Amino acid sequence: MESTLSAGIIMAEALQNRLPGLENMWLWVTFLGDPKNLFQFCFPAAYYASRRLGISVLWITFIAEWLNLVFKWFLFGDRPFWWVHESGYSTQTPIQIHQFPSSCETGPGSPSGHCMITGAALWPVMTAISSQVASRSRSPWVRVIPGLAYCTFLLAVGLSRVFLLAHFPHQVLGGLIVGAALGWLMSPRVPMERELSFYGLTALALMLGASLMYWTLFTLGLDLSWSINLASKWCERPEWVHMDSRPFASLSRDSGSALGLGIALHTPCYAQIRRAHLGNGQKIACFVLAMGLLVFLEWLGYPPQISLFYIFNFLKYTLWPCLVLALVPWVVHTLSDQEAPPIRSS
């Protein structure tokens, strides 16, 4: 295993020093592959393109992120930015590597969340685009473009994580494989417009299930805060250690999104607009308005206390599906003052 980890450091060093002109590209790619962006950008964009697709993206995202959290608790993967010091590798071998603001994530490293969650959530997007392309083109070369773009983007995300010293190559590979498999398995099985109790119980199961596993492992003598301690110890700058990278931050986001999805699907606003077919201009207006509300939510910031941070994060991601699915389309449709035509499947 030591040789595998050492090879990962060598690969990261090569990416940082032999391709210095690509630094900004890797930083941008890792930003695009951040699971948080799936909730904030990909989910609204997919929903306003297709109602079914948007709900699929949100559902798969929070289920995949929850599973990634559980996998990390059991696999105990080191991250390169702390392993290189803890193992003594940096004192035994002369290396030239440096950290970035995105390097200092506090959770365990295996498997890569960026690769696993993004790979799972973008699978229905890729298949939906592939179906559209296949219906309009007979060229086999054109038909493979969506799948090729999906693979290329995930490969770039994986390389960016190695470049940033956030993951070892084998953690990236594991995330890619598990993410694609999850996307393939879950896409046909996403629940659509179930009763509110179903989503409430899902949120409760995510919260209680992870908490039960955490306290069981803690009772058995396993310190699950070990990765937080190492990240704080070896990160070059304290301000690079962000609270939203902590394991329970993702748990509050996932359970909040599950509950918010159920609430959104049972609001009076959603009941009024679900029979409406929004035009392209209205869909663009919905996305722009949703992004404006997102900017406002981000502007509010987070409380510094960790417990209040988790509560605020839960409430924020409970509210977000309600805004995207119900309130924003209702406002746009009402202001446009158009008569809703019959239901169109999407």
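Just so you know, glycine gets a Cβ as well, placed from its N, Cα and C.
Residues or ranges marked as topological domain 'Lumenal' in Swiss-Prot: 1-24 (among others). Note: the topological domain 'Lumenal' (1-24) comprises 22 helix, 0 strand, 2 coil (DSSP; helix = H, G, I, strand = E, B).
According to Swiss-Prot, the feature transmembrane segment maps to 25-45 (among others), an assignment based on sequence analysis. Sequence-distant neighbours of the transmembrane segment (25-45) (same chain, 6+ residues past either end, Cβ-Cβ under 8 Å): 15, 54, 57-58, 61-62, 65, 100, 102, 113-115, 117-118, 121-122, 125, 153-154, 156-157, 159-161, 163-164, 166, 244, 250, 253, 257, 286-287, 290-291, 294, 317, 320-321, 324.
Look at Swiss-Prot and you will find 46-56 (among others) tagged as topological domain 'Cytoplasmic', backed by sequence analysis. Same-chain residues lying 6 or more positions outside the topological domain 'Cytoplasmic' (46-56) and placing a CB less than 8 Å from one of its CB atoms are 124-125, 128, 187, 190, 192, 261, 274, 278, 283-284, 286-287, 324-325, 329, 345-346.
As annotated by Swiss-Prot, transmembrane segment applies to 57-77 (among others), with the evidence given as sequence analysis. For the transmembrane segment (57-77), same-chain residues at least 6 beyond its ends with a Cβ under 8 Å from one of its own Cβ atoms are 35, 38-39, 42-43, 46-47, 107-111, 113, 116-117, 120-125, 168, 171, 175, 178-179, 182-183, 186-187, 190-191, 206, 210, 213-214, 217, 224, 247, 250-251, 253-255, 257-258, 261, 321.
The topological domain 'Lumenal' annotation in Swiss-Prot covers 78-108 (among others) and is backed by sequence analysis. The DSSP breakdown of the topological domain 'Lumenal' (78-108), given as helix, strand and coil counts, is 11 helix, 0 strand, 20 coil.
For ARG161 (substrate binding site), the count of additional Cβ atoms within 10 Å of its Cβ stands at 31 [all protein chains shown]. Marked as substrate binding site by Swiss-Prot: ARG79, ARG161.
Residues or ranges marked as transmembrane segment in Swiss-Prot (evidence: sequence analysis): 109-129 (among others). If you look at the transmembrane segment (109-129), the same-chain residues 6 or more away from its ends with a CB under 8 A from one of its CBs are 30, 33-35, 38, 42, 46, 50, 53, 56-57, 60-61, 64-65, 67-68, 71-72, 75-80, 146-147, 149-150, 153-154, 157-158, 160-161, 166-168, 170-172, 174-176, 178-180, 182-184, 186-187, 190, 227, 250.
Among the features that Swiss-Prot reports, active site, proton donor is placed at HIS114, with the record citing sequence analysis. Reduced to three states, the DSSP call for HIS114 (active site, proton donor) is helix.
Within the model, the topological domain 'Cytoplasmic' (130-138) carries an average pLDDT of 91. Annotation comment: Swiss-Prot describes 130-138 (among others) as topological domain 'Cytoplasmic', evidence class sequence analysis.
Swiss-Prot lists 139-159 (among others) with the feature transmembrane segment, giving sequence analysis as the kind of evidence.
The topological domain 'Lumenal' annotation in Swiss-Prot covers 160-167 (among others). Sequence-remote contacts of a segment are chain residues at least 6 beyond its ends whose Cβ falls under 8 Å from one of its Cβ atoms, and for the topological domain 'Lumenal' (160-167) they are 8, 11-12, 15-16, 23, 26-27, 29-30, 33, 79-81, 84, 97, 99-100, 102-103, 105, 109-110, 112, 114-115, 175.
Annotation source Swiss-Prot lists active site, nucleophile at HIS167. Under a cutoff of 8 A between CB atoms, and with a sequence separation of 6+ in the same chain, the neighbours of HIS167 (active site, nucleophile) are ARG79, PRO80, GLY109, SER110, SER112, HIS114, CYS115, GLY158, ARG161, GLY175.
Through the fold, the transmembrane segment (168-186) approaches residues 4-5, 7-8, 11, 59-60, 63-64, 67-68, 71, 77-80, 109-124, 154-155, 158-159, 161-162 of its own chain, all at least 6 residues removed from its boundaries and within a Cβ separation under 8 Å. What Swiss-Prot lists as transmembrane segment is 168-186 (among others), and the listing cites sequence analysis.
DSSP assignment over the topological domain 'Cytoplasmic' (187-197) gives 5 helix, 0 strand, 6 coil. The topological domain 'Cytoplasmic' annotation in Swiss-Prot covers 187-197 (among others).
As annotated by Swiss-Prot, transmembrane segment applies to 198-218 (among others), with the evidence given as sequence analysis.
Summarising the annotation, Swiss-Prot assigns topological domain 'Lumenal' to 219-254 (among others) and lists sequence analysis as the type of evidence.
Looking at 139-159, 198-218, 284-304, 308-328, the range that has the most CB pairs within less than 8 A of the transmembrane segment (255-273) turns out to be 308-328.
Helix, strand and coil counts from DSSP across the topological domain 'Cytoplasmic' (130-138) read 7 helix, 0 strand, 2 coil. Remark: secondary structure over the topological domain 'Cytoplasmic' (46-56) totals 10 helix, 0 strand, 1 coil, with classes taken from DSSP. Neighbour counts were taken at the CB atom with a 10 A radius for the recorded positions ARG79, HIS114; the maximum falls on HIS114.
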